Amino acid sequence: MAENEDLSNSSSSSSSSREDMHFFEGVEKLLEIWFEPNPSNKNADLRKIPRAMWDALLKTVRCEIISFTRNEQIDAYVLSESSMFVSKRRWILKTCGTTTPLQCLEPLLRLASEIAGYGEIEDLFYSRKNFKRPEMQVSPHRGFEEEVAFLDSFFEDGRAYSLGALNRDCWHLYTLSRGGGGSANKQMLNNITNNNNNNHHHHLHNMSNGHAQLQTQSAKMNLIESLQLPDPDQTIEILMTDLDPKVMAVFTKDVCNTALEATQKSGIHKLIPGMVIDDYLFDPCGYSMNGVSKSCGKKYKEGCYMTIHITPEPDFSYVSFESNVASSSYGDLIARVIDTFQPGKFIVTVFANKTSPAANVSRELEHLGTIDQWKRRDIQFSRFPTYDLTYAQYCKYPS
């Protein structure tokens, strides 16, 4: 997305480049938070937070809501700088430009507690690609070290990582070092296990009730197993730079009059079928869209989405694609996305937990040395307590 920022000022030197006079940082800062289920409040839900409170929270981020769509599982907001997604216990904020998403962390936690009914964070992910112009950012986003220090002031168990080549394209991640499952599930699991052991001893002394005891024990073991296994979850991101100017021209008011026209002319509506699309074309250029799935199955309680943001200016072109739609193979989707936008370079990241159909996507990407005209330059794998992460970087050859 590119809602253009004018960074010139009266003291600027006459020798300042055109890029200094006009630049927009398309690279987004992505913050995703999962809250622990609250056993004392079964109706806890982030969607209880009213629109006016989201408006106030986003002011601290330096952006605003410009469009909204929803389904039964997810509320999706197109922002002046990218997107926000709100589900029952998952919250995602993705913002570009010189926004300050980490500044809303404290008010978010307060709203989650006082309005939504959640007391604890289950998991947190903060990530971004390296900025093209990091000197343009404001605190606490002037560097990854500053972002890490800010997050560490909230979390004792945070861990920071950087993947890729630090002197070229790279990707930063901050997450929590937790075992997953949540304290509520662990406590429930302990209670069930203790009761199960008591029932086992009782069973030894009451053989006449053996069949009933076995049925009870089996049911409790099934419940224990369900508590140990998280709901399937996965996210794929494709971050593209050095894009084809002819393709990027579609996302300007010179070529398209409406967002719908840009969506259809570019082929975005064909990338993931079955999405309800909410799109916006900025003036004079730039594009954002959210898509929410019409149906992604009962396993995905927090809803399925996709989002695309486009900064089309040739000097700093950037496109991001993100989705949590499940798949055991993302090769075809990656190929469709890069064929649509024609980047010179792109980074792909895939997060998947143990129960996700995408759990083995790392093997697929390991074998995707080339995708059409793009050759892989880097690949890395990381294993976290609850998720596996695959990072790969591709360039259009012969570059």
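Glycine is treated like the rest: Cβ placed from N, Cα and C.
TrEMBL annotations:
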- Ser82: active site, proton donor (ACT_SITE)
- Cys96: active site, proton donor (ACT_SITE)
- Ser288: active site, proton acceptor (ACT_SITE)
- His309: active site, proton acceptor (ACT_SITE)
- Phe24, Glu81, Phe282, Glu313: substrate binding site (BINDING)
- Ser82: pyruvic acid (Ser) (MOD_RES)
**OP:** Could you tell me which of these binding-site residues, Glu81, Glu313, has the greatest number of Cβ atoms within 10 Å of its own Cβ?
**Re:** Glu81
Original post:
Within 10 angstroms of the C-beta of Cys96 (active site, proton donor), what count of other C-beta atoms is obtained when all protein chains are considered?
Top reply: 27
Subject >> Integer Å distance between the CA atoms belonging to Cys96 (active site, proton donor) and Phe282 (substrate binding site) >> reply: 14
Subject >> Using Cα positions only, nearest of the active-site residues to Phe24 (substrate binding site) (Ser82, Cys96, Ser288, His309) >> reply: Cys96
Subject >> Residue pair Ser82 (active site, proton donor), Cys96 (active site, proton donor) - Cα distance, angstrom, rounded >> reply: 6
Original post:
Any idea which of the binding-site residues Phe24, Phe282 has the thinnest Cβ neighbourhood at 10 Å?
Top reply: Phe282
**OP:** Looking only at C-alpha atoms, tell me how far His309 (active site, proton acceptor) is from Glu81 (substrate binding site), rounded to the nearest Å.
**Re:** 9
Original post:
Which recorded positions from the set Glu81, Ser288, Glu313 come within 10 angstroms of Cys96 (active site, proton donor), judged by C-alpha positions?
Top reply: Glu81
